[in-house]
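Report on the structure given below.
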């Protein structure tokens, strides 16, 4: 195999303020599940750096749940499609697909024999359905609510019971199969966000936006108590999860805390304060084996520490929004990956372990469009917030210095030796020296798009929407147009010099990469065809003999300079999402990022 996936650094859950986020547990206790965009992410609970991504939904996925057998996962999306797929093989073959109703699926529950599924959400005519997993035949009706149903659960022992919670401020109780509506529970005064049966089936709990948690008898539906008396939390409660032994309950709230309750004596055992900002609101939780997980509005997944509630054991960070750009850099003998996303967030990753964090302090406030590292070890990033930032990779702290404010929005930045950087903006080209603007071309006469600086530091190549690459010289503190045009095959989308400066690669919207030979006066060296859609990014391997291109066709090609026919094709590098950026860690390791908010490392062999 000329390529194989080496590592997957998965995205965070996609979260929305005021909406509960479901994290699915694994009956075997190894993994946990959540969704982001069109992806379902499976992660190892002991080592979250081990991840697998399922991308077969055509629409945004909302919820995914393991069957109690552990062999299948059911996932539901905003269009009302429910897919049931295999977990035992890497391919995740589809077993069944259903459309229980037209509209967003918000929660899924299985019976303990993995044979029946209940699905709820916001359909047009109905808000829920319960059916056999292998035929889709109905095994009851979910009625009794007049608004969207947020949550459903089924008692995991016979006789079966089913409970739902809805935006009509009510929970409902069903007996079955076939499941029939028994009664409505109107104890809450606000939306009911979550209902969950205890693993032994003796109790079920409901949690609501009114800050209350009520406990009921699992068999009869009679009210047992209100946790914490008058109020369980000072804010809305978005999620609850029972301990495996059914004695305790974990709750997650908009008051920025999670709590553990001892249900039998109705008391709080631990309170986990998660922070003071809006992003610290708790929207989801999972209690699996000894692990207590909660999800913050920031998308971060917190591993809670019962022995020290004030500080999580571990926080999984990363991106929850699409990644736009990436760069790599060796620091203290280790290779790090730096990725910048659509929301202005920059993350750094240890390329070996996947350990990652974001920079300290206040950084970009809008999409990070391009990043590169200069010779003094500073990360230079340009963003839609109209700034270029210089950030020390030793400190990894956004300092008040190191921000260059531009007149117009920058699109791309490239660095050369001697403290030079060239920024391409909308209708403007700016030369920076030692973090200061020293020259600009205000009306270049074409729309510049991308820029590369020759490793020698004297020549700048700028690609335009008009399909040409123009060459400029850096003379002291000015840029001089050399008057030389290199023709691409379409609007230029990226340009890159090889590390030895011998070649310039240019990719375009017409699906072609053209390589020019620098020593021969930029004569055309070779043309590379293969992509099925616009190419958006390029990166040269350190060996200067190979380069990679990524496109809107979800493909990555690794090309051989001397022979366009010798190529490695990575199909569906990021399935259903186009490749946004590429970089090489070494001659055989390629890193790709995409709008699926994940980072992947590939081993390439020639």
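The backbone N, Cα and C atoms fix where each Cβ goes, and this holds for glycine too.
Noted from Swiss-Prot: of 28, 256, 334, the annotation N6-acetyllysine belongs to 28. When you go through 90, 259, 317, 480 in Swiss-Prot, the residue listed as N6-acetyllysine is 480. Between 34, 72, 238, 529, Swiss-Prot assigns phosphotyrosine to 238; no such entry appears for the others, which is not proof they lack it. The most densely surrounded of the modified residues 28, 81, 95, judged by C-beta neighbours within 10 angstroms, is 81. Counting Cβ pairs under 8 Å that are 6 or more residues apart, the repeat 'WD 13' (566-604) and the repeat 'WD 2' (48-87) reach 3 or more and are in contact. Sequence-distant contacts (6 or more apart, same chain, Cβ under 8 Å) of residue 115 (N6-acetyllysine) comprise 132, 133, 134. Counting only same-chain residues six or more apart in sequence, the Cβ atoms lying under 8 angstroms from the Cβ of residue 238 (phosphotyrosine) belong to 19, 20, 21, 193, 194, 207, 252, 253, 254, 282, 283, 284. Of 28, 81, 95, all annotated as modified residues, the residue with the shortest Cα distance to residue 480 (N6-acetyllysine) is 81. Residue 28 (N6-acetyllysine) sits 26 Å from residue 81 (N6-acetyllysine), counting Cα to Cα. Taking only the Cα positions, the spacing between residue 95 (N6-acetyllysine) and residue 81 (N6-acetyllysine) is 13 angstrom. Distant neighbours of the repeat 'WD 5' (180-218): 20, 140-144, 150-157, 161, 163-167, 169-174, 224-228, 231-242, 244-246, 249, 251, 253, 255, 261, 263; these residues of the same chain sit at least 6 beyond its ends, with a Cβ under 8 Å from one of its Cβ atoms. For the repeat 'WD 5' (180-218), DSSP puts the residue distribution at 0 helix, 23 strand, 16 coil.
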